Amino acid sequence: MKRGKNAEEAGTEGDNDTGSASTKKAKKTKEPEAPILYEDPPDKMTSKDGRSSNMKITSWNVDGLRAWVKKNGLDWVREEAPDVLCLQETKCGQKALPADITSMPEYPHKYWAVSDEKEGYSGVGMLCKTEPIKVTYGIGKEEHDKEGRVITAEFPTFYLVTVYVPNSGRGLVRLDYRKTWDEDFRSYLSELDMQKPLVLCGDLNVAHQEIDLKNPKGNKKNAGFTPDEREGFSQLLEAGFVDSFRELYPEQTNAYTFWTYMMNARSKNVGWRLDYFLLSSSLAPGLCDSKIRNKAMGSDHCPITLHVAV
């Protein structure tokens, strides 16, 4: 999600204060509630069908790669040590990529998609320990692909797709475009899924259900929680994909991956779950764990990690 949206959300993502002046006064005298934080449980390394995880994938919207590197994001990556690292909102042309990341020996195979038209906008990356069979960029439609939002890597038993889904924007100025994107992207994934199963990861810029954000009532007309965007996500699930986190933790509340920089939202855990691992339904039996690493700092999003037997 982009920071540009946050000013509009301040009231809705913060205290959701839309009541009368007298209500507001009453709220001021109230003791502030202690925030309810999500504790990421120990990693499960075995799937329901008894297989051990043999693939670890991490996804992180870094909100600017150069700033994230300066904030020691790579130290966390080295400790986490995924087989594949997917990054979104890199906001960085290929010539400006920090040497700290381009020279990482742990990931000899690195792939970048950048915005053709706007410098410092959008952008995704994929860093692999093992070389994929094939890597492609975009979804085959020029109107979408010029913004550098998708990388697809083919591995022997599955495809891995990382995405930074377009934000509908302040005032929902891009909602119509977003609806077109959702339809075209779903078609792209369904075609891939007919060839071999896939893992999709990234910032999908939607909180699917009310459980997926702190203040659902105040955000129904805001980007990321409109009925259209939520329906777009539902249609993705209906097309044969599984939300890995909800598959394992269907009732888990207060589990978020994005917090606006304003109003101390992160320390209060006033957030949204916008970052996902979706799996083809045929991969779901091999799902071991879907992690929200909410203690990792360096961006307005936290990283998420998938353990899967493929």
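Glycine too: its Cβ is placed from the backbone N, Cα and C atoms.
Remember, TrEMBL labels are computer predictions, not curated facts.
What you see is a predicted model, and the numbers here were worked out from it, not measured in a lab.
Per TrEMBL, active site, proton donor/acceptor is recorded for D203. Under the heading active site, proton acceptor, TrEMBL lists H301. Summarising the annotation, TrEMBL assigns Mg(2+) binding site to N61, E89, D203, N205, D300, H301. Residues or ranges marked as compositional bias 'Basic and acidic residues' by TrEMBL: 41-51. The domain 'Endonuclease/exonuclease/phosphatase' feature in TrEMBL is assigned to 59-301. Taken from TrEMBL, the feature region 'Disordered' covers 1-53. As annotated by TrEMBL, site 'Transition state stabilizer' applies to N205. Summarising the annotation, TrEMBL assigns site 'Interaction with DNA substrate' to H301.
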Residue distribution over DSSP helix, strand and coil in the compositional bias 'Basic and acidic residues' (41-51): 0 helix, 1 strand, 10 coil
Whole-number Å value for how far the residue listed as 'active site, proton donor/acceptor' lies from D300 (Mg(2+) binding site) (Cα to Cα): 12
Proximal residue to the residue listed as 'active site, proton donor/acceptor' among recorded positions N61, E89, H301 (C-alpha distance): N61
Whole-number Å value for how far N205 (Mg(2+) binding site) lies from the residue listed as 'active site, proton acceptor' (Cα to Cα): 11
Cβ-based isolation winner (fewest other Cβ atoms within 10 Å) among the recorded positions E89, D203, D300: D300
N205 (Mg(2+) binding site), number of other Cβ atoms within 10 Å: 26
H301 (active site, proton acceptor): tally of other CB atoms within 10 A of its CB: 25
